[in-house]
Amino acid sequence: MAASSDGGNTCRICHENLPKKYRRSIFSESFGVFSQLTQVLDIQPHSNDGLSSYVCGFCFSKLNKWSKIDYDLVNKMGMLQKEKQDLVLLLRTKYMTSIPANEDQKPRSCVTPRKKFDSNKRMIKHSPTPRKLKIRPNVGIRTPTPKKAGDSCTAKPSVSFRPIAPKPVASGNEDTVKALDHEEEVKSQKHIDSGKQFIQCSPQRIQIRTLTTHQTDSSTPPILKSNNYRPIAPRPGGGDVIKTVSHEEFVKPKRRINVNLFSPSKLKVLYQTKGKTNSRIVKDADTVKLVKALSKGMSKQNIAKMVINSKLKDEISKCVFKEINKELETLISPKSRCVLRGVSSDKIAVFRFKTLLFEVQLHAPILYKCLSMTLKDSPVGMAMTAAIILKKRNMHMSSFHHIVSQILDHGGTSDETISILHKFGLCASSQSTSKKRSELVERQNFHVKSLILDEKESIEKSQTDQGILAIDLKSADIVGDNFDILKSPSMMTKERQRKSWHWFLLIGLDKRILDRNLSQDQPTTSILVYQKFYKEQSAGDVGTLSQLRNVNRRLDVHGSDDVIKSYRSHFAFIEDYLDAMVTGACLHLLGLESLDSQPTSRQELFEAIPDSDKLKYIKDIARDILDKYINISQDLQDIEQQVQELDLETLHLKNMFDPSTGIYTCSACTKQYKIEGFLKRHLVQKHGWQGVTNLQRSEQTDRVALYHSSLMKCALLVRDTNDAYKMGDGDRIMMNSKFQMLLSGVGHHTKYQLWLFRFLTFGLCLLSPREKLEYKWNCTTNICGGIGRNIPIDNLVEIMVHRLKERVKLQGANVTFDSAKKSALSLQIQDEIKQNLMRELQMKPKSRHRPKVAKTCDIELMIAELRKADVFSHHSDRNYAHFSNFQDLFRRVKVND
């Protein structure tokens with residue numbers, strides 16, 4: 001199940017390689033722009049078409065914008081059409097209800113022609129100037145319409161009047177007033193007599209003047225009362241209507257304004273309260289400016305600036321602060337259920353900044369706007385500031401502070417440092433941190449119970465009650481390693497001595513690959529050996545590992561004793577050697593003098609041939625290198641022949657054994673033996689039986705080429721096994737374990753040979769089919785995510801032991817079993833809290849990959865040394881001085897053992 005490195009992880013549109021977190025799956029339910037993607041590709045994508053199933057975030061955002069435009073074209077056009085129809089209907093209704101009674105007599109327009117609009121000049125909105133009207137008291141005003149038979153002159157009037165603000169007329173010119181009165185009276189009588197309409201439904205304003213007649217002093221000039229009236233449309237179908245308006249009902253005397261009371265620094269404001277008109281003189285300069293700005297219709301922004309720059313600034317600030325205080329009281333109330341109140345261990349592990357900001361925006365909008373303007377819309381800064389403010393307002397709003405304190409404790413911060421930061425209001429106290437860690441331990445115990453103990457109880461119950469194991473039950477493996485602690489007291493006495501504790505760290509691993517459908521029945525079927533190739537005495541033999549190590553100055557590469565301690569440096573040296581051997585073999589096969597020269601054999605126009613031919617060409621070269629430079633001996637075939645002979649021998653001896661009596665009986669002479677070895681010796685001595693034959697190699701052998709071919713076999717096995725563990729490929733791991741077990745026996749690594757034998761027996765023989773699958777495919781784990789980043793379970797155990805030792809060392813002489821157990825149980829949940837906060841902060845995880853080092857020069861130097869030794873050619877009876885009797889490692893395998 002090794003993952004293939006094909007084009008399935010690229011963008012379907014821009015063909016860029018996508019990391020895992022930047023992929024947008026095309027065939028997921030949340031992908032709502034499938035139709036737009038189909039229009040881009042001109043074909044409908046399918047999940048089985050062999051192409052990529054993802055798009056990148058940039059292309060996905062553009063598809064979303066396209067989808068929004070399509071939505072607006074469908075929906076907003078309909079809304080605008082409906083709004084247009086409503087406006088047309090409204091205007092037509094007004095027009096039909098306002099048609100004049102006599103279509104021939106249309107009102108004369110009084111609208112002043114507009115000047116050409118200057119786009120560079122600011123538009124000033126003017127209020128209409130009221131017209132001066134005059135009407136005599138007790139004078140009838142009628143609006144005649146074409147009479148019909150039976151119409152009555154006493155019908156209810158269909159014309160009503162709306163007063164318009166008066167405009168004073170200068171007094172003192174009595175002749176002018178009388179002339180106007182006479183003219184108006186003549187016109188009124190003329191219109192009444194002619195039967196034509198006097199007041200019509202039009203925007204034309206009609207002036208009605210009324211001159212007061214109850215003045216007693218003839219020397220005093222008459223006061224001219226002026227009111228403006230706007231007619232409202234008459235009811236259709238009505239006849240002549242006469243409305244008589246009295247002076248007391250229609251005209252009220254107005255008090256004259258004394259202009260002498262005003263000065264340039266004063267302002268008089270008229271306002272109405274309960275139907276009564278009042279006035280007040282404004283003396284304050286700032287208030288005068290504000291009233292003038294309001295009367296001029298200035299923009300809200302300019303008016304707000306004037307208010308802020310006035311004496312009202314302090315009072316306005318107090319009002320704003322009071323509103324913010326109310327919002328904060330609402331936010332910290334238990335009824336709001338703020339996310340900062342969630343201080344339980346399961347909630348602080350899934351804390352979200354977006355949730356906190358949403359709650360602040362919902363319950364405290366003014367505070368949210370202040371934070372947004374102050375912190376330039378930074379989500380992290382706004383959330384942190386809001387959390388600190390709310391914690392100061394209410395001690396229960398401390399979820400964020402507990403998260404910070406647990407991260408500090410996870411990093412090994414001392415209690416004094418945590419207490420200092422607590423005084424700053426940035427985290428919880430050291431006592432609260434300790435209590436919260438105890439809650440994390442309880443949560444981890446619950447996880448352990450659900451992962452391991454529940455499965456154990458279910459298995460025991462299924463064995464006793466003949467029940468069936470629950471399908472949804474979690475399954476786990478338990479691994480562990482020694483955990484040694486040396487405690488040295490600060491002051492040593494007779495009672496207080498050094499203590500050496502030897503504990504065992506247990507780790508439960510959730511199985512990633514399960515198959516509940518496989519049978520649970522019983523089964524139906526009954527490392528590189530470095531010291532064999534590296535000798536310090538062989539530094540003078542050109543082409544050996546020791547000589548290549550000195551040429552490349554690999555000072556961190558030593559003998560076999562330091563391989564485990566410095567595994568990484570030795571592994572890198574073997575990898576470079578393998579690259580040099582494969583490259584040198586390819587140069588020798590194609591007749592190349594250097595990496596930049598042209599081949600003299602197998603010449604192909606490589607760039608002109610199709611990809612399939614390129615792949616076939618490379619495969620042919622690789623097969624020739626394997627046959628000519630690696631498999632120069634048939635050792636594996638010899639081992640296979642020996643194993644077949646051993647199987648026949650075992651079967652023959654099994655047929656001679658009687659299980660009921662436990663005695664072996666010779667098939668040739670019926671002699672009986674209790675021990676199998678005695679029977680074998682009897683068959684060899686008396687009956688000439690030959691066991692497994694050990695094949696011998698001819699003395700005429702090129703042992704230099706054999707040395708390098710055997711080393712390349714082992715190096716390829718190490719590289720393939722390492723790649724299998726990285727990819728989590730259980731099949732390759734199981735297959736390579738067979739060869740590793742044989743080589744471990746050759747190198748006398750009994751410990752590793754027994755472990756590999758146990759691994760193979762569990763994976764091939766002892767377990768049920770379902771348990772075999774789980775055992776084989778769960779021998780690796782992934783703690784970083786991503787393809788090719790798996791590690792063996794043993795490496796995980798070593799990492800956990802190392803991290804726990806660092807935590808325990810911080811406790812110094814105060815370490816106890818309980819404190820170490822508490823640290824071990826809280827380690828994983830604190831990791832979850834830290835990883836969640838890193839995701840919220842959009843932090844990239846720390847890279848665990850070491851930078852790549854250019855090794856071309858080292859490999860070319862190795863190739864030059866190998867060519868100098870002529871290791872790629874075969875010469876009989878050639879060997880190294882310190883490897884004079886070298887044999888292939890697989891030739892040394894003793895099948896009988």
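Every residue, even glycine, has its Cβ placed from backbone N, Cα and C.
TrEMBL entries are annotated by machine, without manual review.
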Exercise. Pick from 134-173, 814-853: which stretch is listed in TrEMBL under region 'Disordered'?
Worked result: 134-173
Exercise. When the domain 'C2H2-type' (664-687) is classified with DSSP, how many of its residues are helical, how many are strand and how many are coil?
Worked result: 12 helix, 4 strand, 8 coil
Seminar exercise, completed: the domain 'ZAD' (9-83) resolves under DSSP into 39 helix, 7 strand, 29 coil
Exercise. In the predicted model, what is the mean pLDDT computed over the domain 'C2H2-type' (664-687)?
Worked result: 84
